[in-house]
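Below is one structure, written out as structure tokens; comments come after it.
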Amino acid sequence: MSKITAAITAVGAYVPEYVLTNEILETMVETNDEWITTRTGIKERRILKDPDKGTSYLGIKAAEDLINKSGVDPSEIDMVIMATATPDLLVASTASYVATKIGATNAFSYDLQAACSSFLYGMSTASAYIASGKYKKVLLIGADKMSSIIDYTDRATCIIFGDGGGAALFEPNEEGLGLQDEYLRSDGVGRDFLRIEGGGSLMPPTAETVANKKHFVYQDGKTVFKFAVSNMADVSERIMQRNNLSHDDVSWLVAHQANKRIIDATARRMQLDDSKVLMNIQRYGNTTSATLPLLLNDFEKRFKKGDNLIFAAFGGGFTWGSIYLKWAYNA
Ligand code: UT7
């Protein structure tokens, strides 16, 4: 019997309607379009304005888009993984709620949190379950309502993040397509540079933590940038080398959308032509767990069966890594 690999067989996505442009941000904090564009590549982001809706809403809409496009019967899904840094609630799994709402009534489900690397790590998890032979349909959703944890008076973070969700279905493949190799890393030295200090077990919420804005994202951008540039480029180069891939062999770079300059640096190290570097940061900003599936959904029609995709991500923790996947279908 040939080896089972895990292929992506369908994708879907959702972004909220409200568009927060650089021009609007200029009226909220001391910033300007020129600074944001040249330092990050971002022009606008989407924000989920409805206060009654959480990350599950983004995940449900993305999964429903996938289900509608692919025709997959949700009752046949074995497992739902929800990659997110902004669960609806603490303790109660967001994945379980999403699975029930989309009709994945026979699935088991759980959340996976690795900051901006959540979806990348989730790809590894989904693939391992498929490759084990035990499960046939694993739905991986990446969604974040970043606006729920951003301080819109802090210009260092509010210009970067946006809300969104995306989904990918993993199924067994016997033609050798799908996930080929992965190189995943983490290093706890990073925990102080990108984090929310309050609300966890180290600093439970109090009136004081709220007053001192301890429940918002803090980022030492310069330090994170430095680690992100070198580490994302290192792992992407390494995964190419150990799979004997030249820059000609790589069809697409699917990189976490945190900063255009970080993506460009990774592409340069891989000696990739710009035309192979997928980019939608200008429209969505950094949607954390949703960046990779939003790219897959936006560029799905350009992918051909057999294309070599290199995924790369870097995020809080620190967490980072690269995955080599062969695309399995023509849209
Ligand atoms: O997704 C998870 C991983 N995250 C990342 O990969 C993000 C990594 N970091 C970055 O992308 C960048 O560090 C930022 C985009 C966050 C910041 O860009 P930077 O080029 O590193 O800027 P900086 O923080 O070094 O600030 C440069 C200057 C400072 O002024 P002075 O001290 O040089 O006078 C800042 O005060 O720019 C100022 N500045 C701003 N100016 C206008 C900072 N934020 C803004 C702003 N608008 N929004």
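Numbers run from 1 along the shown chain.
Each Cβ is built from the backbone N, Cα and C atoms, and glycine gets one as well.
Keep in mind it's a predicted model, so treat the numbers as computed, not measured.
The feature active site is assigned by TrEMBL to Cys116 (among others). The Cβ of Cys116 (active site) has Ala85, His256, Ala258, Asn286, Thr288, Ser289, Thr291, Ala313, Phe314, Gly315, Gly316, Thr319 as same-chain neighbours under 8 Å, each 6 or more residues away in sequence.
The active site feature in TrEMBL is assigned to His256 (among others).
What TrEMBL records for Asn286 (among others) is active site. According to DSSP, Asn286 (active site) sits within a strand segment.
The domain 'Beta-ketoacyl-[acyl-carrier-protein] synthase III N-terminal' feature in TrEMBL is assigned to 110-188. If you take every residue in the domain 'Beta-ketoacyl-[acyl-carrier-protein] synthase III N-terminal' (110-188) and average the pLDDT, you get 98.
Residues or ranges marked as domain 'Beta-ketoacyl-[acyl-carrier-protein] synthase III C-terminal' in TrEMBL: 240-327.
Look at TrEMBL and you will find 257-261 tagged as region 'ACP-binding'. Counting same-chain residues at least six beyond the ends of the region 'ACP-binding' (257-261), those with a Cβ under 8 angstroms from any Cβ of the stretch are 39-42, 116, 160, 225, 228-229, 279-282, 284-287, 291, 294-295, 314-315.
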In three-state DSSP terms, the structure that Cys116 (active site) belongs to: strand
Of His256, Asn286 (the active-site residues), the residue whose Cβ has the fewest other Cβ atoms within 10 Å: Asn286
